[in-house]
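Asks: Sharing a structure here in structure tokens format.
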Amino acid sequence: MKVNTKSKKVNKAWLNSHVNDPYVKAAQKDGYRARAAYKLKEIDEQLKLIRPGATVVDLGSTPGAWSQYVRRCLSPEGAAVGALNGRIISLDLLPMEPIEGVQFILGDFREEPVLAQLQEALGGGKADVVVSDMAPNLSGNGTTDAARIALLVELAVDFSIHHMKPEGALVVKLFHGGAYDDLVALFRQTFKVVKPIKPKSSRDKSSETFLVGMGLK
């Protein structure tokens, strides 16, 4: 049997990089489920989006690192458990291990039964902040992947228009490439203030970036 030594070397290099990543180590130390928590943390510390008493909706929440960060923001003690000053509703197509104080809804938020659960969780109100770390399964085809990424961002924007307060904020993940300029234009059409941010915790070689839209037009 022929062994692909190049592939094995690449996998080993990635594993070494992952194990030695300071954000991976920090996540383990701080009790976060993924290093992604620090991306939202950087964005939030820069823009002060998540405040005590806020209602936050986390789209594409699994495994839950962003919800964990939000939970700590809304805790009077900054704790992972205990009292909570605010509301967190997380949605994903995949199951998520429970987080104390976080209401999780399993399903596609485009479907009526799931939307009904969300509206019930919101108690007739709207979100102060919507965060979306949604990402598609990538095919390797640039055109196809750009379209999939664009669709998820567009869905998050549409969700915010209908379920977020006028003065609220939306954070989405996207990637530089095919549809990037069009998505920035969509944000500028939708929000009063638009800020592209590349957190330090995003990997250097990644084309990943984040867009923040504040205040619906």
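Backbone N, Cα and C atoms are what each Cβ position is placed from, and that goes for glycine too.
Here the structure is a predicted model, which means the values were calculated and not measured.
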Asks: Quick check on the annotation: Swiss-Prot has Gly64, Trp66, Asp92, Asp133 binding S-adenosyl-L-methionine, so which of Asp108, Asp145 does it put in that site too?
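Replies: According to Swiss-Prot, the candidate sharing the S-adenosyl-L-methionine site with Gly64, Trp66, Asp92, Asp133 is Asp108.
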Asks: Whole-number Å only: compute the distance from the Cα of Asp108 (S-adenosyl-L-methionine binding site) to the Cα of Lys173 (active site, proton acceptor).
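Replies: Just about 18 Å between their Cα atoms.
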Asks: Rounded to the nearest Å, what's the C-alpha distance separating Trp66 (S-adenosyl-L-methionine binding site) and Lys173 (active site, proton acceptor)? Just drop the number here, would you?
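Replies: Cα of Trp66 (S-adenosyl-L-methionine binding site) to Cα of Lys173 (active site, proton acceptor) measures 12 Å after rounding.
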Asks: Per DSSP, Asp92 (S-adenosyl-L-methionine binding site) is which: helix, strand or coil?
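Replies: In the DSSP reduction, Asp92 (S-adenosyl-L-methionine binding site) maps to strand.
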